[in-house]
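The structure appears below as structure tokens.
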Amino acid sequence: MDGGALTDTSLTDSYFSTSFIGVNGFGSPVETKYPLMQRMTNSSSSPSLLNDSAKPYSGHDPLTSPASSLFNDFGALNISQRRKTPNPTASEFIPKGGSSSRLSNVSQSNMSAFSQVFSHPSMGSPATAGLAPGMSLSAGSSPLHSPKITPHTSPAPRRRSHTPNPASYMVPSSASTSVNNPVSQTPSSGQVIQKETVGGTTYFYTDTTPAPLTGMVFPNYHIYPPTAPHVAYMQPKANAPSFFMADELRQELINRHLITMAQIDQADMPAVPTEVDSYHSLFPLEPLPPPNRIQKSSNFGYITSCYKAVNSKDDLPYCLRRIHGFRLVNTKCMVLVDMWKKIQHSNIVTLREVFTTKAFAEPSLVFAYDFHAGGETMMSRHFNDPNADAYFTKRKWGQHDGPLPRQHAGLLPESLIWAYIVQLSSALRTIHTAGLACRVMDPTKILITGKTRLRVNCVGVFDVLTFDNSQNNNPLALMAQYQQADLISLGKVVLALACNSLAGIQRENLQKAMELVTVNYSSDLKNLILYLLTDQNRMRSVNDIMPMIGARFYTQLDAAQMRNDVIEEDLAKEVQNGRLFRLLAKLGTINERPEFQKDPTWSETGDRYLLKLFRDHLFHQVTEAGAPWIDLSHIISCLNKLDAGVPEKISLISRDEKSVLVVTYSDLKRCFENTFQELIAAANGQL
């Protein structure tokens, strides 16, 4: 199309494919320099300091041309991301085909070309991983390759992680693309048989990507759509930010990051060792017990302490629960520890390992768990009010009871209690199914993250501390009894939540507590508590309470999915920020550079001068009255057009207003990439 008009069809197809995909555009060889105002005839990209950019606009190349650089670029990037491989931009991953394309047998129609450009890893179709009936990946292979072994560079493995083509959601599955070459298409199936040669081996695969409907138009470059209606109508705040994530979620994430990265001053806390086994950077998560402490933990019977630490093997943070002064005399209990390691559940803090150490100047047993930053115990969240026990403890003999506490006026809402019941019962169900017992169903050992997310903590500690040597032959002999005790503990936790007081679960207050539950809550909650706390003539199971939960399970599932929708919508607002930041970072390395290669005017001449004027066009415009004109949408729109390299023209005016340069965004993109490539080449040469 050199010198010809740019048709709407080629503009739409290539425009979208080269800009909306917009990732991993760097890494191909440097193109030769062209005159400033000449439109690019080949895609040009440069090694990136931050490796993220939109592909340049290349609508002037025929999409069906074997020499199309668009095919070369996206074909070279078509590598599965689920397998650890070397840098996909390295030369050994790009077949040396000369002027022939890696996709040598593609459709000659615009529809097929449109479908083919979606072979990018982020936009391809998973259906392309399949083979036509009777076809083999080794068909036509050279004698150097075994016909029974699929090389790691074959087309099929590199297309396993593709996301669906957006056109596939609007086109029936029976749609197919016509092919002019009769050899490349099976007449009976109507599907395109693609042919690809990699390293001397020819592969055949079926291209089942449906063709888009006629008249389909996609955005020309990255844009920010409005909030999805199913999320917009559930937001309680009408003035919520529309371009960035909610302040509440942002603050929660920042707090988690701060806690995760917190460290201590070793000089102020010499009692904390610098390294324990393979863990370092210990940070206490709770006040350390004094050295002469005699009082032991009410749960475990030993003095305990808790730390955040980083494992030197994987550089991930973990939570270390230390049992002071414990000597492990029987390693048979490690059978139970191995069983706990296999349990992965969303409401259980996973146990990773158990080891002994003398790094604390005394024998200690350490349990390593997953670290959940910002978590607080149920005790501190709901039972830290000293006045909450007044209904049970501050009544004198003969004095009439005061008014009963009510929901939303001292008591927790029933919906929150059922949300906790669903999560705790789900955790118990998984633990009991694995043949283990929780044994730590206690408000001090239940973590709450966010608003209502529960996780049972310190699992497996009792199994090690109370392991009986007489159980060497069968360490699971008493698990059935422990599981029954778990159900009683669950009932006590639910009753305490319903009363909003730990005093309500004491034996002398049980009657008053149940009266409080009867008045304020539903009969289902009352029956569940009675079932868990009342002795039964048979062995009970956590599955028995499922009918009592009933349809409330669906309510909690719906609430969790709605919360997921809100978080995904907030994530969508930030999805382009990394790409735009990388673009601004690269521009910042070019603009106003004092000196480069002993040339103090380098940033003020040639391509760099255009980028300087573009920077002024972005940030330094003024109104007719001379006031600064600040518009975030203008900045984002111009950056997106630059990143995509669109053919739209732009007027750049010098600061003295004596020069006006009319260029296209594609020209600016070429200047930007070539200039940044010069900096990268110089930086690599200095290493």
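From the backbone N, Cα and C atoms, a Cβ is placed for every residue, glycine too.
Database features, via TrEMBL:
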type     : residues                                                                               : note
BINDING  : Arg321, Asp370, Phe371, His372, Ala373, Gly374, Gly375, Glu376, Thr377, Thr444, Lys445 : ATP binding site
COILED   : 551-589                                                                                : coiled coil
COMPBIAS : 42-53                                                                                  : compositional bias 'Low complexity'
COMPBIAS : 163-192                                                                                : compositional bias 'Polar residues'
DOMAIN   : 292-554                                                                                : domain 'Protein kinase'
REGION   : 40-64                                                                                  : region 'Disordered'
REGION   : 79-107                                                                                 : region 'Disordered'
REGION   : 125-192                                                                                : region 'Disordered'
REGION   : 590-687                                                                                : region 'Knob domain'
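Taken as a whole, the region 'Knob domain' (590-687) shows an average pLDDT of 91 in this prediction. Applying an 8 A CB threshold to same-chain residues 6+ apart, the list for Lys445 (ATP binding site) reads Asn299, Thr377, Val456, Asn457, Cys458. The binding-site residues listed here are Arg321, Ala373; among them, Arg321 has the most other Cβ atoms within 10 Å of its own Cβ. With Arg321, Asp370, Phe371, His372, Ala373, Gly374, Gly375, Glu376, Thr377, Thr444, Lys445 listed as the residues that bind ATP, the site has a largest C-alpha separation of 17 Å. In the region 'Knob domain' (590-687), helix, strand and coil residues by DSSP number 53 helix, 14 strand, 31 coil. Residue density at Phe371 (ATP binding site): 20 other Cβ atoms are found within 10 A of its Cβ, drawing on all protein chains shown. Same-chain residues at least 6 positions away in sequence with a Cβ under 8 Å from that of Gly375 (ATP binding site) are, in sequence order, Leu447, Ile448, Thr449, Arg455.
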